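J.: My questions will all concern the structure given below.
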C-alpha cells in the first residue's frame, strides 16, 4: 500500500478525486502534497474550456439551423461563430499539454500553485468566452439572415468575445512558464 495522505495509508480516509485520476491515468506518482496541485487542474482546465466551446458551438449551431430554413445560401457564411467557439477549446489543450509536460518529481509548491492559477485563468476565461460567442453567434446569425449588413457587426463582437479567451491563454502561458 502506498501512502497518499500524511498519517493515512491506503485508499481509506477519502482519497481525493484528483489524485485518483492521476493514479488511474498514470501521470502522477506522488504523495498528496506539492506536485499533486500541479496535476489537479490538468483534468479541470481542459473540460472547462471545452464546455465553453461546446456551449458556443451548440448555441451558434441552433441559430444557423434556424436561419438556414429561410436563407440556405448563408450557411457557409454563418459558420464563423462555430469555428471561433472551437478555437476556445484549443486554448485549454495548449495549456494542459504545457503543464503536463512540465510535471516532474522535483516540483515545488510555488510552481504547483502557478500551474493551478494558469489552469484557472485559461479555464474560466475560456468558459466565459464560449458563452459570449454562443450568445452573440446565435443572435448575430439570426439577425444576419434578416439584415445582411449586421454581418460585420457580428464579426466584430465575436472577435471581442474571442479575445476574452485569448487573455486567459496569455496569462496562463505567463504563469506556466514562470
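Cβ atoms here come from the backbone N, Cα and C positions, even for glycine.
Taken from TrEMBL, the feature signal peptide covers 1-26. Annotated domain 'V-ATPase proteolipid subunit C-like' per TrEMBL: 49-99, 116-175, in sequence order. Here TrEMBL flags 79-100, 112-137, 149-175 as transmembrane segment.
Any idea what these are sitting next to in the structure?
T.: If one looks beyond the transmembrane segment (149-175) by at least 6 residues along the same chain, the residues whose Cβ comes under 8 Å of a Cβ in the stretch are 49, 52, 77, 80-81, 84, 87-88, 91, 94-95, 98, 114-115, 117-119, 121-126, 128-130, 132-133, 136-137, 140-141, 143.
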J.: By DSSP, what is the split of the domain 'V-ATPase proteolipid subunit C-like' (116-175) into helix, strand and coil residues?
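T.: Split by secondary structure, the domain 'V-ATPase proteolipid subunit C-like' (116-175) comes out as 57 helix, 0 strand, 3 coil.
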J.: So what's the average pLDDT for the domain 'V-ATPase proteolipid subunit C-like' (49-99)?
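T.: Mean pLDDT, the domain 'V-ATPase proteolipid subunit C-like' (49-99): 92.
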